[in-house]
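**Q** Input: one structure, supplied below.
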């Protein structure tokens, strides 16, 4: 079984100090989806404990695109992730015994005329172990935008097979500096401080139309042709992840009672699903008629999509409706097609905490407004 994911390839259009990067569809294994609970449990528990180390993984969804580092540029594919804040890539100094380094592009500081040594130790703790290395400084180019003097990590150890066979080389985080390892300014911060983009925001449009352009990531701009109606903004509750209040969750127009007084949610481009408390998601999937296998909802027959109810997520007083075609993932592996629920249960011990991933972002054009500390949603135009 494979999951639909979205892969970001380098292709850029620069308009008035803005950068737009088209996206394409790809697939990832079903097994990777099952690691979502462990990933987020580690990530948010660390935050709750007062640490500033972001913990994330990307097996379940991958937005990756080409960047270059150094002069002349050395090419890498990186995940663009709103759930972390650091940039890291494999180092040429990584031992050949580290498979993840051996199978991916590696940064060679000796080949760059703009490299500046730093050497500070760098570690991120993942569910499968620690990614460790050291900090370096160099120019980073995304499309036609070159960020000078960017601090990033050269990885010399990467944990688990998820990194060994990933389609990406490294990760480019798009969350806040407050959760950045070693308090390193994220790439988007430096885009702003160096005047490379004129607006303090970036936005995602994702398409789930088979065979169509997978979407786009825009730095410094909002593409008015990719959504309809108004953008509804919700203020952030923390300047860590892109976190905000989620008012309610309804099934077929009736509140499910999941939120009580309120829920908190994170909008994360590094997660393909909508994730929530295990008990709530189990009840939801059972109500939808999905069979729970290995913690995920599986429908016995894809024809049931036509009989399932809409679900509604309320944010900032606005109801954001998801139809069955939007929250059910129809996936094929080895010639067999199955339909999976787009809702995954997680145990965080943090109350009513939800993660709105690609299932939600593909239905609603999403604006990450750093300057005004808010996230905006509008009905995405598909097709």
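Positions of Cβ are set from backbone N, Cα and C atoms, glycine also.
Reproduced below are the annotations present in Swiss-Prot:
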- 81: active site (ACT_SITE)
- 268: active site (ACT_SITE)
- 63-378: domain 'Peptidase A1' (DOMAIN)
- 118: N-linked glycosylation site (CARBOHYD)
- 238: N-linked glycosylation site (CARBOHYD)
- 310: N-linked glycosylation site (CARBOHYD)
- 1-18: signal peptide (SIGNAL)
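Can you walk me through where each of these features ends up in the structure?
**A** Under DSSP, residue 81 (active site) is assigned to a strand (E or B) in the three-state scheme. In the shown protein chains, 26 other C-beta atoms lie within 10 A of the C-beta of residue 81 (active site).
Under DSSP, residue 268 (active site) is assigned to coil, being neither helix nor strand in the three-state scheme.
DSSP gives residue 118 (N-linked glycosylation site) a strand state. Counting Cβ atoms from all protein chains shown, residue 118 (N-linked glycosylation site) has 17 others lying within 10 Å of its own Cβ.
Secondary structure at residue 238 (N-linked glycosylation site), taken from DSSP and collapsed to helix, strand or coil, is strand.
The DSSP secondary structure for residue 310 (N-linked glycosylation site) is coil. Within the same chain, the residues at least 6 positions away from residue 310 (N-linked glycosylation site) whose Cβ sits under 8 Å from its Cβ are 252, 253, 321, 322, 323, 324, listed in sequence order.
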**Q** Nearest by CA distance to residue 268 (active site): which of the recorded positions is it, out of 81, 118, 238?
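**A** Looking at Cα distances from residue 268 (active site), the smallest one goes to 81.
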**Q** Could you list the residues of the same chain, at least six apart in sequence, whose Cβ is under 8 A from the Cβ of residue 238 (N-linked glycosylation site)?
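**A** Correct list: empty, so none.
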**Q** Within 10 Å of the Cβ of residue 268 (active site), how many other Cβ atoms can be counted across all chains shown?
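**A** Around the Cβ of residue 268 (active site), 28 other Cβ atoms lie within 10 Å.
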**Q** As a test of reading the model: what is the averaged pLDDT for the domain 'Peptidase A1' (63-378)?
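**A** So the average pLDDT across the domain 'Peptidase A1' (63-378) works out to 91.
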**Q** Do me a favour and check the Cα-Cα span between residue 81 (active site) and residue 118 (N-linked glycosylation site); whole Å is fine.
**A** 24
